[in-house]
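Please read the structure below before turning to the comments.
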Amino acid sequence: MFITRWLFSTNHKDIGTLYLLFGAWAGMVGTALSLLIRAELGQPGTLLGDDQIYNVIVTAHAFVMIFFMVMPIMIGGFGNWLVPLMIGAPDMAFPRMNNMSFWLLPPSFLLLLASSTVEAGAGTGWTVYPPLAGNLAHAGASVDLAIFSLHLAGVSSILGAINFITTIINMKPPALTQYQTPLFVWSVMITAVLLLLSLPVLAAGITMLLTDRNLNTTFFDPAGGGDPILYQHLFWFFGHPEVYILILPGFGMISHIVTYYSGKKEPFGYMGMVWAMMSIGFLGFIVWAHHMFTVGLDVDTRAYFTSATMIIAIPTGVKVFSWLATLHGGNIKWSPALLWALGFIFLFTIGGLTGIVLANSSLDIVLHDTYYVVAHFHYVLSMGAVFAIMGGFVHWFPLFTGYTLNDLWAKIHFSIMFVGVNMTFFPQHFLGLSGMPRRYSDYPDAYTTWNIISSIGSFISLTAVILMVFIIWEAFASKREVATVELTTTNIEWLYGCPPPYHTFEQPVFVKV
């Protein structure tokens, strides 16, 4: 019975739960790796060994957090749980494919971990650039295993994307138009389109790298008429949409949380929000070379990518100000979920501002591969994506489990996390402006102070992670059941009870106008 339910599941709620548990577990691994990085950088001198080991840890940290924490939780966890409930569908369009999408991830994770245990590990950075990732600089199976890991994770995401697009387009009740679906449903659909269009390009790039390494092709080797810059174009054509894939479902969740705890029946500027997400999705595909300003692009190419990148600030601004307008004049309930959402809006905006700085190709020449870039993307990921996940988790936890979290503990958890991540990443802006480069395990003494502060901050964040485990335990141990849910008419996922029945609908639902 246990095996039938959890291994062969075709139920969107169970698969969503599996994704959430897998993502939480991977998040622990990713956090452990990040703490190893901060321990190494906590003082000058060597702690763990040479830079190969250090870079293996950095590479694994990136892959684990992106492919096994953020994406499984946001798209697999929240997406599977909420999308069918929000559109009134009995399940996903392809329930068995849904199961396969999940079960491709543990083997993928296993391959990634295996890559670090054989030979010297894949110390390439998450970008896996040749010639460093070639078979001379990285002899042995490590990079090959990492490539296979990415293949599996990519197939998983592509299948999931097909499933979500089909579900959202085809499984709405006849009376529900696309422009009446909740914003989270929109965000997942746009994310799925981005995945569908960008992942095949990554697959092509890493497959060519695989044949360069093992079959003597020369796609990325100038000696045989290849070009390593081609790899960078292929990688970043995936890599830039990927960062929007990581944040867009977060946008959707934040819209729901802000609307709910402002006591509003709908978000401010629904159509503007949809338009903004579609614009961000489209623009995300035509700005990739801003990651490559230092490789010798033509000056007019640099001018184009600078301008195009800055255009993304417009739809992003539409979203930020619409969230603020939703809050405006609302009957605000200061719940932990709203605190996460407010933290998201503030810190994501800071990250966006440093992004505008880096979009300038002339400035990026100086700041590229320094800690300024690390600070920038950790503000939008560690305080954007993660805050959205945490906000979504504490908001929908009663829906998933039927139990409520302890309000005070949850607020304390938010406060500790807020202090921790800011203390970790704010000083890194200063390090970057002073020229401290990324991906080095050691640094000159001049950088010591800010690194010490940053490392202390990382251990404050660790405290928050441990506290979160306690808070979840406390909720299950105390078993405070949900009494009432407000605003159910505009938040239909709550309409079916907390938690909803295993099969939401025994027969198709039709909404009469």
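The chain as shown is numbered from 1 upward.
Just so you know, glycine gets a Cβ as well, placed from its N, Cα and C.
Per Swiss-Prot, topological domain 'Mitochondrial matrix' is recorded for 1-11 (among others). DSSP places the residues of the topological domain 'Mitochondrial matrix' (1-11) in helix, strand and coil in these numbers: 5 helix, 0 strand, 6 coil.
Within the chain carrying the transmembrane segment (12-40), a Cβ under 8 angstroms from the stretch's Cβ atoms is held by residues 5-6, 46-48, 54, 57-58, 60-61, 64-65, 68-70, 72-73, 76-81, 83-84, 91-92, 95, 98-99, 102, 105-106, 109, 400, 424, 441, 454-455, 458-459, 461-462, 465, 499-500, 502, all 6 or more beyond its ends. The transmembrane segment feature in Swiss-Prot is assigned to 12-40 (among others); the stated evidence is similarity to another entry.
The feature Na(+) binding site is assigned by Swiss-Prot to Glu40, Gly45, Ser441, with similarity to another entry given as support. The C-beta environment of Ser441 (Na(+) binding site), restricted to residues of the same chain at least 6 apart in sequence and closer than 8 Å, consists of Glu40, Leu41, Thr46, Leu47, Leu48, Asp50, Asp51, Ile53, Tyr54, Asn55.
As annotated by Swiss-Prot, topological domain 'Mitochondrial intermembrane' applies to 41-50 (among others), with the evidence given as similarity to another entry.
According to Swiss-Prot, the feature transmembrane segment maps to 51-86 (among others). Listed as Cβ neighbours of the transmembrane segment (51-86) (distance under 8 Å, sequence separation of 6 or more from its ends, same chain) are residues 12-13, 15-17, 19-20, 22-24, 26-27, 29-30, 33-34, 36-37, 40, 92, 98, 101-102, 105, 108-109, 112-113, 116, 120-126, 146, 149-150, 153, 157, 160, 164, 167-168, 171, 181-182, 184-185, 188, 191-192, 195, 242, 245-246, 249-250, 253, 381, 385-386, 388-389, 392, 396, 399-400, 439-441, 492-493, 496, 500, 504.
Summarising the annotation, Swiss-Prot assigns Fe(II)-heme a binding site to His61, His378 and lists similarity to another entry as the type of evidence. In this view, His378 (Fe(II)-heme a binding site) is surrounded by 20 other Cβ atoms within 10 Å of its Cβ, with every protein chain counted. Secondary structure from DSSP puts His378 (Fe(II)-heme a binding site) in a helix.
Annotation source Swiss-Prot lists topological domain 'Mitochondrial matrix' at 87-94 (among others), citing similarity to another entry. The DSSP breakdown of the topological domain 'Mitochondrial matrix' (87-94) into helical (H, G, I), extended (E, B) and coil residues amounts to 1 helix, 0 strand, 7 coil.
Only residues 6 or more beyond the boundaries of the transmembrane segment (95-117), in the same chain, are considered here, and those with a CB under 8 A from a CB of the stretch are 7-12, 15, 18-19, 22, 26, 56, 60, 63-64, 67-68, 72, 76, 80, 141-146, 148-150, 152-153, 155-157, 159-160, 162-163. Annotation comment: Swiss-Prot describes 95-117 (among others) as transmembrane segment, evidence class similarity to another entry.
According to Swiss-Prot, the topological domain 'Mitochondrial intermembrane' annotation covers 118-140 (among others). Residues of the topological domain 'Mitochondrial intermembrane' (118-140) grouped by DSSP class, helix first, strand second and coil last, total 0 helix, 0 strand, 23 coil.
The transmembrane segment annotation in Swiss-Prot covers 141-170 (among others) and is backed by similarity to another entry.
The topological domain 'Mitochondrial matrix' annotation in Swiss-Prot covers 171-182 (among others). The helix, strand and coil residue counts that DSSP assigns across the topological domain 'Mitochondrial matrix' (171-182) are 3 helix, 0 strand, 9 coil.
Below 8 angstroms of C-beta separation, residues 75, 78-79, 82-83, 86-87, 128, 130, 133-135, 143-144, 147, 150-151, 154, 157-158, 160-162, 164-165, 168-169, 218-221, 226, 231, 234-235, 237-239, 241-242, 244-245, 248-253, 255-256, 267, 270, 273-274, 277-278, 280-281, 284-285 of the same chain, each at least six residues beyond the ends of the transmembrane segment (183-212), sit close to that stretch. Taken from Swiss-Prot, the feature transmembrane segment covers 183-212 (among others).
Swiss-Prot lists 213-227 (among others) with the feature topological domain 'Mitochondrial intermembrane'. The list of residues near the topological domain 'Mitochondrial intermembrane' (213-227) in space but at least 6 beyond its ends in sequence, with Cβ under 8 angstroms from a Cβ of it, reads 130-131, 133-135, 143-144.
The transmembrane segment annotation in Swiss-Prot covers 228-261 (among others), and the record cites similarity to another entry as its basis.
The feature Cu cation binding site is assigned by Swiss-Prot to His240, His290, His291. Around His291 (Cu cation binding site), the C-beta neighbours below 8 angstroms that are at least 6 residues distant in the chain are Gln232, Trp236, Gly239, His240.
Among the features that Swiss-Prot reports, O2 binding site is placed at Tyr244, with the record citing similarity to another entry. Shown in sequence order, Thr191, Leu194, Ile280, Gly281, Gly284 are the residues of the chain, 6+ apart in sequence, with a C-beta less than 8 angstroms from the C-beta of Tyr244 (O2 binding site).
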- Query: Do any residues of this chain, six or more beyond the ends of the topological domain 'Mitochondrial matrix' (1-11), have a C-beta under 8 angstroms from a C-beta of it, and if so which?
  - Reply: 18, 91, 95-96, 98-99, 103, 502-503
- Message: Can you tell me which parts of the same chain pack against the topological domain 'Mitochondrial intermembrane' (287-298), counting only residues 6+ beyond its ends and a CB-CB cutoff under 8 A?
- Response: 229, 232-233, 236-237, 239-241, 305-306, 308-309, 312, 358-359, 361, 364-365, 368-369
- Task: Would you mind reading off the Cα separation of His290 (Cu cation binding site) from His376 (heme a3 binding site), to the nearest angstrom?
- Result: 14
- Item | Contacting positions for the topological domain 'Mitochondrial matrix' (401-406) when only residues 6+ beyond its ends and CB under 8 Å are counted | 336, 394, 471-472, 474-476, 478-482, 498-499
- Under 8 Å by Cβ from Gly45 (Na(+) binding site), same chain, sequence gap 6 or more: Asp442
- How many Å separate the Cα atoms of His378 (Fe(II)-heme a binding site) and Asp369 (Mg(2+) binding site)? 14
